[in-house]
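Reading through the structure tokens given below for one structure.
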């Protein structure tokens, strides 16, 4: 019920303006404090930085609530960093297990890829040489046009376009031809690689059913062990957070109770 009251109070009070809030050094009415608190909270979210938190804690409301937001923020950050650090070894353990169990398959696939790579290397080198040669010829043919561009006027734009269009189209068609030639040369090796991969997967499926079951059991066991190791770490992190959450909740409820008594 108190959560609902707090929510309604925040919804109704967010439209008010806390004028001269930072100059308030005298005790305020609970309603004013809650209104100012909401305004400062919105400004803090907007600023999203420690400067806003420090400014809030230096205000009248901040001093009275004494939330120690900056200290709590640093503490929570340290707790999160510790949790991440504690989790790292277990993540590494699972990763190493996975790499070890798939080492044989990865080695075979790498070997097949290297074989195909060596077969297609001449075609790639040939394509690269032709592509470079075509671009150089294109550059040389454009050199005179580039000189004319220095003195280009509106009257010469159409003439310049007429000169450039056939050159660009010819270069485009020739480059497309080289790409198509490369595609045709690589197609058989692409099919070969696809067939080898399919064959490896089929062999694993046919021969590796017992191994797959064993591996599945091993993964389940590792995940179970990981969960057991992670549980106390997460619980420790939760326990670190609880005091700050309870402290914040208690102070807000106290302020709201005082407000309800005042307006009653």
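The backbone N, Cα and C atoms fix where each Cβ goes, and this holds for glycine too.
Annotated in Swiss-Prot:
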type	residues	note
SIGNAL	1-18	signal peptide
REPEAT	67-88	repeat '1'
REGION	67-264	region '10 X approximate tandem repeats'
REPEAT	89-110	repeat '2'
REPEAT	111-121	repeat '3'
REPEAT	122-143	repeat '4'
REPEAT	144-165	repeat '5'
REPEAT	166-187	repeat '6'
REPEAT	188-209	repeat '7'
REPEAT	210-231	repeat '8'
REPEAT	232-242	repeat '9'
REPEAT	243-264	repeat '10'
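Secondary structure of the repeat '6' (166-187), assigned with DSSP and counted as helix (H, G, I), strand (E, B) and coil, comes to 22 helix, 0 strand, 0 coil. When pLDDT is averaged over the repeat '6' (166-187), the result is 79. Secondary structure of the repeat '3' (111-121) per DSSP, as helix, strand and coil residue counts: 11 helix, 0 strand, 0 coil.
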